[in-house]
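As structure tokens, the structure follows; a few thoughts come after it.
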Amino acid sequence: MRVGIKVLGCPKNEADCEVLAGVLREGGHEIVFDVKDADVVVLDTCAFIEDAKRESIDEIFSFVDAKDQYGYKLVVKGCLVQRYYEELKKEIPEVDQWIGVADPEEIANAIENGTDLVPDQPETVYRYRKRIDLEERPYAYVKISDGCDRGCTFCSIPSFKGSLRSRSIEDITREVEDLLKEGKKEIILVAQDTTSYGIDLYRKQALPDLLRRLNSLNGEFWIRVMYLHPDHLTEEIISAMLELDKVVKYFDVPVQHGSDKILKLMGRTKSSEELKKMLSSIRERFPDAVLRTSIIVGFPGETEEDFEELKQFVEEIQFDKLGAFVYSDEEGTVAFNLKEKVDPEMAKRRQEELLLLQAEISNSRLDRFVGKKLKFLVEGKEGKFLVGRTWTEAPEVDGVVFVRGKGKIGDFLEVVIKEHDEYDMWGSVI
């Protein structure tokens with residue numbers, strides 16, 4: 001059969017679906033990239049926060065509406081199904097099949113058999129199989145573990161992704177070796193919490209060991225690590241990231257807040273002062289290191305005083321990149337039962353105010369790259385410009401770099417940065 005796959009949500013879903021595509025192809029099926037050519041459409045969903053759930057529901061109805069026109073069977077899978085299977089099956093009977101969070105081979109078998117598959121509790125993480133690119137790009141997301149044991153009070157992920165399950169270093173290395181042979185120039189390690197990698201398998205935080213192993217592989221490529229939980233970002237992990245030459249000095253550390261009161265309510269263990277000390281130590285050792293974070297505004301109990309402390313924290317740290325999100329009240333979490341809910345309009349105002357502050361900081365932080373030579377990865381072309389990124393930007397969440405010159409997708413070029421705005425930079429090939 002001909003199978004089309006549409007991915008919603010985080011990079012971890014993208015990695016899952018590319019592996020699933022590989023398993024389906026190994027089983028004799030054809031992967032197609034236009035739904036009108038598909039016998040079966042697989043829609044992968046997200047259920048992390050309200051906006052993600054709403055997007056997933058909207059996409060389900062969009063694909064339901066197009067079923068009669070194109071004649072495909074619709075399979076909806078992923079986190080939304082794992083979390084709300086019974087409700088979805090009852091409310092949207094037009095969907096042909098529902099699949100939750102499961103191993104790619106189990107999912108492929110279920111698709112072939114036409115049976116629903118929703119485990120009581122996810123217990124597997126995929127082992128390496130040959131994967132298929134669902135988009136043409138010079139980078140790949142590699143999932144090193146699944147699930148999470150951290151228990152942040154606002155987070156619903158453990159309820160539908162299960163507890164921590166790490167892949168072996170050997171299995172991850174095999175996958176990365178094959179991706180490099182296929183021409184990938186950037187390997188992006190993802191998980192719910194990359195700092196926890198290996199605790200279940202090796203009884204220790206094994207991210208430094210994994211990074212050293214991957215860094216030893218031949219070839220010119222970047223290694224980027226995302227989702228570094230601040231409470232467990234150790235000196236050993238920081239040192240490995242700073243010392244290994246293929247690991248970019250980009251620290252994605254979602255601190256979530258800067259008020260000690262709110263951090264405690266969130267179930268975080270590091271205080272704002274401890275966070276400042278840790279993040280400042282990275283900059284002291286590597287002044288050009290990029291610090292990225294995520295912030296939740298409007299958490300239950302957040303007062304104007306707490307918000308002012310957050311702004312002061314952000315101004316003091318001077319994050320290079322920052323994503324600010326309005327708190328999403330998720331059933332089943334500890335925070336769901338907290339009193340003193342913040343008015344949504346107030347939370348939205350705080351989000352806008354924080355993003356305006358961050359725009360000024362980001363603009364100022366980019367000043368240091370003007371006139372500098374940076375390695376640039378070509379990802380495409382837009383008008384007269386090559387479009388891509390330097391090591392200072394992660395795909396999809398950060399800005400891009402526009403460069404005058406010649407090159408093709410996957411080329412590393414040396415460029416000099418000429419100018420920038422709050423998020424993007426412009427330069428030319430040397």
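Glycine is treated like the rest: Cβ placed from N, Cα and C.
Swiss-Prot lists Cys10, Cys46 as binding [4Fe-4S] cluster 1, and of Cys17, Cys79 the one it places in that same site is Cys79. By a simple count of nearby Cβ atoms, those within 10 Å, the most crowded of the binding-site residues Cys79, Cys152, Cys155 is Cys79. The two recorded residues, Cys10 ([4Fe-4S] cluster 1 binding site) and Cys152 ([4Fe-4S] cluster 2 binding site), have Cα atoms 18 Å apart. Cys152 ([4Fe-4S] cluster 2 binding site) sits 18 Å from Cys79 ([4Fe-4S] cluster 1 binding site), taking the C-alpha atoms as the reference points.
The secondary structure of Cys10 ([4Fe-4S] cluster 1 binding site), as reduced to three states from DSSP, is coil rather than helix or strand. Proximity of Cys46 ([4Fe-4S] cluster 1 binding site) to non-local residues of its own chain (separation of 6 or more, Cβ distance below 8 Å) is seen for Leu8, Gly9, Cys10, Asn13, Ala52, Lys53, Glu55, Ser56, Gly78, Cys79, Leu80, given in sequence order.
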